[in-house]
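Record features, source Swiss-Prot:
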- Asp442: active site, proton acceptor (ACT_SITE)
- His106, His110, Tyr127, Asp283: Fe cation binding site (BINDING)
- Tyr127, Ala128, Ser129, Gly130, Ala131, Asp159, Gly172, Glu176, Asn255: L-threonylcarbamoyladenylate binding site (BINDING)
- Ala338, Glu339, Arg340, Gly341, Ala342, Glu343, Ala344, Ser345, Val346, Lys355: ATP binding site (BINDING)
- 331-525: domain 'Protein kinase' (DOMAIN)
- 1-322: region 'Kae1' (REGION)
Amino acid sequence: MPEKRVLGIEGTAWNFSAAVFAEDLVCLHSAPYVPPTGGIHPREAAQHHASVASDVIRKALDEAGEKIDAVAFSIGPGLGPSLRIAATTARTLALKLGVPLIGVNHCVAHVEIGRWYTKFADPIVLYASGANTQVLGFLNGKYRIFGETLDIGLGNALDKFARSHNLPHPGGPIIEKMAKDGSYIHLPYTVKGMDLAFSGLMSAAKEATQRGESMEDVCFSFQETAFAMCVEVTERALAHTGKDEVILVGGVGANARLQEMLAKMCEERGAKFMAPPRVYMGDNGAMIAYTGKIMLEAGSTIPIAESVVNPGFRSDQVEVTWRHDAGQLFAPGQSETAERGAEASVNLTDKDVVKTRLAKGYRVPELDRHLIAERTRAEARAISAARRGGVPVPVIRDVTDHEIVMEKLDGDVLKYVMNEEYAKGAGLTVGKLHKAGITHGDLTTSNMIWHNDRVYLIDFGLSQMTEEIEPRGVDLHVLFQTLESTTENPETLKSAFINGYCAAFSEAENVIRREHEIELRGRYL
């Protein structure tokens, strides 16, 4: 039986693109919108799409030649005016040809074209584009978001910095070129568990040029800092899930330095890394056509009447009907066997744990040394303060600038054995931690151990001594994301955690409300 042939239409933001996919890519035609000055204006981008749509579609259909079996289009997320042009074009064409219509999630399409090209079965995916920066993995029918930007997408941060210095759009490739002649200067490095924030980094980069630092040095340091943040959270997802494949997708992923850094991280961990070629990295019709094809084969078409665009369509809202595997993940009840986490190696003796923070080959040495020393000191201070506050934590035996010797805890790591009892226990412990004026910073189930009928916390490298509500909310957000991405009953576990948290901490309700606000920030921006 011949392969189905699907026409895909991409039009979420800056590029109007159409492609036909069968067994392989048949053809791809694009007409990108380039603003004369500044960034992308949604109305002007939509006007551009409307003016080029007929020509782009005609070229794709003429080159494809044979009959089209379905029309797929990017239904969201994206800029509303641009999405509506693509959707109207797709509906009209589907009706004219008498073929099914398929609404494709733009972010998931980036993931699927990456899986198709690399042949990786179940990877962790770093998706870095203008408006989106996410770390994703598949579990039980959905792409789960392990971490994402809490303010601005990486590509938009690069573009805004470039525009502030009168560089043309898009700014990323120009920054990449200028960075090749630069040297490292310190800029803010903001990782919150597996989440990221780029606005402070962007502002600091602007200030650095204003005080006389060269553009080459600032571009180099902006890239090195932002990319190291992305690679770190990707490694955290690898370490937490036990997966062994990484794919880089999205327009920013075309950057050679980001690819080099991810490849180095994976080499050090014994994981595999690949990125699709440049033609599949930025927004393109091929990814919509391919994802539309596998959705068609799974029966996931959409009636015309229900094909309303969704500018805020999240990756984790998509029912992935075309994948029949559950997604590889650590099995419940499995014992901890790994002696290397995302940041450190762990050596066990009869009574002690020796935690050694490892140099990262993907980070520039100056940044790497700074983070290792800073996080080792922060961890030792936080554990000692938490213990004084009555929080269940291991006893510190000795500390150097890169190593901590602490009490060995015999018990189960919660990521393998999480249940309602343990979730409530985690809530009690975190409530005590916040009451003591400490936030953890990396509150995942990898960093919780059930020991002596209580939940103990470990790995305080991202901790803060603070009573501010924002970092407390981030703690809860990181944990809730972890539960959503790695458990089958996250709502039940979150409810149990909240019960324990409220019992231990009088300000719990305010923090829970802040966590919800933080959750709403992690959207298409």
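Using the three backbone atoms N, Cα and C, a Cβ is placed for every residue, glycine included.
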Arg340 (ATP binding site) to Asp442 (active site, proton acceptor) - Cα separation in whole Å: 16
Cβ neighbours of Ala344 (ATP binding site) where a neighbour is any other Cβ within 10 Å: 21
Alpha-carbon distance [Ser129 (L-threonylcarbamoyladenylate binding site); His106 (Fe cation binding site)] in Å: 11
Rounded mean pLDDT for the residues that make up the region 'Kae1' (1-322): 96
Cα-to-Cα gap, Tyr127 (Fe cation binding site) vs Asn255 (L-threonylcarbamoyladenylate binding site), nearest whole Å: 13
Cα-Cα distance linking Ala344 (ATP binding site) and His110 (Fe cation binding site), given in Å to the nearest integer: 31
Where Gly172 (L-threonylcarbamoyladenylate binding site) sits in the secondary structure, as DSSP reduces it to three classes: helix
Whole-number Å value for how far Gly172 (L-threonylcarbamoyladenylate binding site) lies from Val346 (ATP binding site) (Cα to Cα): 38
Conformational class of Arg340 (ATP binding site) under the three-state DSSP mapping: strand
CB within-chain contacts under 8 A for Asn255 (L-threonylcarbamoyladenylate binding site), separation at least 6: Gly172, Glu176, Gln223, Phe227
